Amino acid sequence: MRNTVLGMAVAVVVFAALALSRGGWPLLMHGLVLGGTMAVQVLPLLIAAFAVAGLITVLISQDQVSRWLGRESGLKGILLAALAGALVPGGPYVYFPLAATFLLAGAELGTVVAFVTAKNLWTLSRLPMEMALLNPEITLIRYAVTFVFPPLLGVLANALFAKRTPAIRDGIRQLQHAGDSDSQSP
């Protein structure tokens, strides 16, 4: 997480310098105000998403996650995760914390890949808008041609990267606890 924050800080400095060179302080301040406004708008969603992820962590046992989404669940778990991805409302601030929670609770890598892929390809919450703005035929074609990808990518992830699952879980734990050591150092 420290590297991500550092990378974003560098991006802020670069874009701030660019804004100053193109429009001076007024453009820089306008950009910062817009960014702050977006942060305030997204903050309630972030808080709710992390609260849901935390509550799922304490309400759903590792046994349940392993049984439904773990290695022994096989293709059934991948299909269930893909269906969940299609049904879960919200954007990345909702589904990425859920995906991390599932993985830490014992879900197999392929089920998490199927969940995230289905969320991006099949999410039913945008179906009405997509049909209204694009046309129902285009929407149905898009769903039809992408239908196989979430399960297929879940199976491929398990086949190619299953041995990486423990290291990926450790990486998520390190990200979640990155600030712990900073707050304890003098």
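Every residue gets a Cβ built from N, Cα and C, even glycine.
Per TrEMBL, the stretch carrying the note transmembrane segment among 10-28, 143-161 is 143-161. Tertiary proximity for the transmembrane segment (143-161) is limited to same-chain residues at least six positions away from its ends with a CB under 8 Å from its CB atoms, namely 75, 78-79, 81-82, 85, 108-115, 117-118, 121-122.
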